[in-house]
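Comments concern the structure below.
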Amino acid sequence: MAGNRTPSADKMPRFDFKHCSHMIRIFLAEMIGLGVVCFMVMIYQNGPVAGPIVVGLAFTWVAWVFGPISGAQVNPAVTLALFLTRRLSVVYTVICLLAQMIGAMAGAWIGKIAGPAAYASNNTLGLTLRNPDISSGQAVGLEMLGTGLLILCVLGMLDEFRAPIWAQGHVTVFPFAFGVTQALVACLIGGLTGSSLNPARSLGPAIIYIVGPIVGGLLGAILYEMVLSDAASLPRLKAWFTRADFDRTKDYQEEDRNTSDTAL
């Protein structure tokens, strides 16, 4: 029966079907989970219910649905805390972090295109913005405090040495404790820092400021290498993409010409 047990996330996985399928399930759970949270944050604007309550309910729903699969970390800060306390191996940590980043970007994008037309022209929609009346240092301190409170809640629920009376039913209580803590911290610091508590959640709406410079830099490099460089040529371009031993100081056009002459 031991062979049918779910692989443990705190151990290095084997690359067989059982472990790979488990890692895929965790990846999808974390990606969809945080994607749903970011979608809800983006789509819910100025409704009748206070924003922190919506955030708390969103995390509660995600924790209830995806908790049995991945633990519903849906936050790089939580994932790193689990890694630091040796509850996640390096492989599972990387899988979760990657899934969270992708999910946050996808959720924010879907939320923006699914909302009213005004959303598309709102460049600050979903962004966690600092109150101009507090300094950057104060904002960092408040985010550290808020995230610390969240991590204390998570690790308290996972403490293997808690008294039995506090540990009973803690798995089913976790979604509600997680959601309530998120809502509480959002109420406390939301008006000051935007209450991110989650690097991936803040990354999603801000993706234009990440993707734009990165893609622009790549296109600029390609333009220079393909057109502007004195050594620009099709043979050099081909070698650039196909040869592991590509040498920037080598004249590939001359090499190609010599090869053609030899063949003749």
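Note that Cβ sites are derived from N, Cα and C of the backbone, with glycine treated the same way.
Computed from a predicted structure; not experimentally measured.
The transmembrane segment annotation in TrEMBL covers 24-44 (among others). Through the fold, the transmembrane segment (24-44) approaches residues 9, 51, 54-55, 58-59, 61-62, 65-66, 69-70, 72-75, 92, 95-96, 98-100, 102-104, 106-108, 110-112, 114-115, 119, 125-126, 198, 200-201, 204-205 of its own chain, all at least 6 residues removed from its boundaries and within a Cβ separation under 8 Å.
Per TrEMBL, transmembrane segment is recorded for 50-69 (among others).
If you look up TrEMBL, you'll see 90-110 (among others) marked as transmembrane segment.
Residues or ranges marked as transmembrane segment by TrEMBL: 139-158 (among others).
Outside the transmembrane segment (170-194) by six or more residues, the chain places 50-53, 55-61, 63-64, 67, 72, 127-131, 134, 138-139, 142-143, 145-146, 149-150, 153-154, 157, 162, 202 with a CB less than 8 A from a CB of the stretch. Per TrEMBL, transmembrane segment is recorded for 170-194 (among others).
Sequence annotations record features per position, and here TrEMBL assigns transmembrane segment to 206-228 (among others).
Contact counts against the transmembrane segment (206-228), taken as Cβ pairs under 8 Å, peak for 90-110 among the stretches 50-69, 90-110, 139-158.
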